[in-house]
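The domain 'G-protein coupled receptors family 1 profile' annotation in TrEMBL covers 59-299. Among the features that TrEMBL reports, transmembrane segment is placed at 45-70, 77-104, 110-134, 154-177, 197-216, 248-267, 279-301.
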Amino acid sequence: MNESAALNETGVGSPQSSWLEAEAFDANQTLALSSAALEYHVNPWDIMLCLSGTVIACENAIVVAIIFYTPTLRNPMFILIGSLATADLLAGMGLILNFAFQYLVSSETISLITVGFLVASFTASISSLLAITVDRYLSLYNALTYFSEKTLHYVHLMLVGTWGASLGLGLLPVLGWNCLDDASTCSIVRPLNRTNLTVLATSFFVIFALMLSLYFKICKIVCHHAHQIALQQHFFTTSHYMATKKGVSTLAIILGTFGASWLPFAIYCLVGEREYPSVYTYATLLPATYNSMINPIIYAYRNTEIQRSIYMLFCGCFQTKGSYRSRSPSEV
């Protein structure tokens, strides 16, 4: 190849030099294609997020289908569980679409739409958890009037507020609250700017604080009810103690799972800078997606009514004996 270059410089040409030149060009072209293929790799973190989204979508699609096609699951509790499952289903689909668009279609517009879709879905998921917490509190605080039309109106208002606020936050990046025109304003989650991400993180902390407060009040009501039962029976039996302990433990698991999933990412959204390695963002975002994977297990698959519907859906031979009444969240 060096001889060929020297011959070209001196203006001397021959069939052999032309052949060497062509061979060198083909070799360089092959090397260029090989290096380009090596450079085009898939981020393992993106693969894990896509796999997480696939599991989330499958889990929650079953819950949505069961609630939609089962007429007995129409009380306020299951309406809110359906809202949560729908939000998590959309979040899982968003993770899958984000992976596909990121590596197949490179477009800033599509990136904005995908990120906005994910923001709206995860916001609706977190807000639905708050709505379920409010519903559980109302079922204990107003146990006698829980199954009235008034409760159903409250649930519909919570659904409108949940999805309305989520849609509004999801539209912010699309409507211009992004960093595509000014890279210096980018956050750890591009193309969201720091102001947008700070609003989202602050909203999460507000919702988490409200959930903590409500679950603390629920624990007080549960303990008070157990104490009243003990006074009526003149002693506190082991079964009452175990039931109270189980109820408090369940609330602790719900809050602990939610906090462990989302708190690391929410805190990093406030303290992280765009110059930080992206591995920090992935390492905190991935556990946050696991919350949408755990939600159907905590709120749906452990529920007796939904288990009954699953048996009827997949077995077709499960028959209920006698009349059946859907239970309230306080009974569950």
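In case you wondered, yes, glycine gets a Cβ from its N, Cα and C as well.
Note that this is a predicted model, so its numbers are computed, not measured.
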Two-stretch contact, the transmembrane segment (197-216) and the transmembrane segment (77-104), at least three Cβ pairs under 8 Å: no
Is the transmembrane segment (45-70) close to the transmembrane segment (110-134), in the sense of at least 3 CB pairs under 8 angstroms with a sequence gap of 6 or more? no
So, does the transmembrane segment (279-301) come close enough to the transmembrane segment (77-104) to give 3+ Cβ pairs below 8 Å, pairs being at least 6 apart in sequence? yes
Answer yes if the transmembrane segment (45-70) and the transmembrane segment (248-267) have at least three CB pairs under 8 Å among residue pairs 6 or more apart in sequence, and no otherwise. no
Same-chain residues at least 6 beyond the ends of the transmembrane segment (279-301) with CB under 8 Å of its CB atoms are 45, 48-49, 52-53, 55-56, 59-60, 62-63, 66, 81, 84-85, 87-88, 91-92, 95, 122, 125, 129, 132, 188-189, 253-254, 257-258, 260-262, 264-265, 268, 272, 307, 310
